[in-house]
Structures are given as C-alpha cells and as structure tokens.
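For reference, the structure is listed below as structure tokens.
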Amino acid sequence: MATAVGSGSDVEVGFAKLQGEDFEYYMQSYSIILGRNSKKSTVDVDLSSLGGGMNISRNHARIFYDFTRRRFSLEVLGKNGCFVEGVLHLPGNPNVKLDSQDLLQIGDKEFYFLLPVWSILGGPLGPRHHVLGKATVVPYHNYHSGPGSGSGKNGVRSRELYEYDDEDDDEEEDIRGSGKKTWRDGHEGVYASGEKKREGRSKADREADDQQFLQLMHGSGWSVTDIKGVWKRMASQSSKKIPITRRLGYP
C-alpha cells in the first residue's frame, strides 16, 4: 500500500518508487495496478483515497516491468486515461515507456516514477529523451501551470476532459471457471480460481519473475543470491530527491 510521507515507515525497498507530494510507494513486484478499491476487489495503489478525485477507474493503470524490452512500462486501462509528461494516453494506445523522474497524472493526483541511480541491468539512468512518434496520443501543454497543480481551479488541466467514473462497480464480469476477468473496454485480467479477487500477480507468477530477474542480475554482474538482496541494493541507490525544477507544483 502507499505510505504517507512522514509516516516513519522503515520499509524503503523496491525496484521502483512512486513519489507524490503526500505519499510514496515502493514497487516490490514487477506488476502493480493503480486505481481505487471497491467492496469486491483491491488494488496496489488506491489513488482515490489519496485525493485522486472522482475520475479514477477501479482498474485505471498498470505499471509493469517488460522483460522482453527490459524496461518499465505503463498500460492504460481507465477510460479517462493517464498523463505522462503532459501527454494524455488513453486505453488502446501502445504501452508507454517509463523513464526515471517521469511525471504521471491520474485523475487529480500527480506523482513521479523514480528508478534507482543505476539501472537494474547496469548503467546510469537519465531523464526521458522526448521523441514524438506517430502514436495516437493527445498532447497537453502547461501542465506546470503553477503551485498547487493537480487540484482546484489552478490545477494542471480542466475536469472537463474527464467523465465521472461511477459505472466501474459493474464494470467487471466474472467468467466462472475460466479464471478470467473481463472489462467492458475489452481488457482482460487473470486470477487464480477461488482466490480473493485482488488485481495483482499470483504468487507463482511472482516467483517465476523473481527467477528470471535474478538471471538477468547475474548476467549484469550483480552478486545477489535472492530477490531481497536485489531490493536492498536498489533501495540503497534509490532516487531519494527530485531536482527542484521537477518538484510538484513548480512554476
């Protein structure tokens, strides 16, 4: 779960970190769901409870490590989309490559995606190099419009871009016996039969990813024997501070 800034938590390990004005979240798995909790299911990061507003879908976005491309990516699931570095991405767009210090906005909530100083595959990390391709995305300018961006009249964008998302509670259909969950927008998720419907990876999937990840680490010269060793090493190199020009609400 996301931790409030200043809560005194000693848990500072993860492959990546989400940092907002008033919360931080350390990724300790290779795939997390951002959205809002409901009576039927929970998500890894409940943005609604963090002040994300009424435009948060129950399953709004997924951040995951793409083992094929060896990078973190964002998959947009919620109909209101996500902003990454001021560009709106909608469901059906290609997955978005995430670089360290990328600014994300979902609903009224702004936060940074941060990686350790050194890549999990070796080599220093730098900020995003912007290359505009032919992807069907909608640009949005002036997302650093002034202090307090993300809420109120001086927020980074108008609420008119959004639809009120009150229909998500019926959005999922259980396909009994198939282990699949389908959303009306065509996306599918998979969960083990009989387990509580939590939008996350199964234990078997996580363990398989752990083994694959450790193999990549050994190939990159990292002397670690278990996944906790990777967490600790990455946490020790974690990006603790954001340059002043990248802080939330900076004019």
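Yeah, the Cβs are placed from backbone N, Cα and C, and that goes for glycine too.
According to Swiss-Prot, the protein carries these features:
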type	residues	note
DOMAIN	32-89	domain 'FHA'
REGION	163-209	region 'Disordered'
COMPBIAS	163-174	compositional bias 'Acidic residues'
COMPBIAS	182-206	compositional bias 'Basic and acidic residues'
With helix taken as DSSP H, G or I, strand as E or B and everything else coil, how many residues of the domain 'FHA' (32-89) land in each class?
3 helix, 27 strand, 28 coil
If you average per-residue pLDDT over the domain 'FHA' (32-89), what number do you get?
94
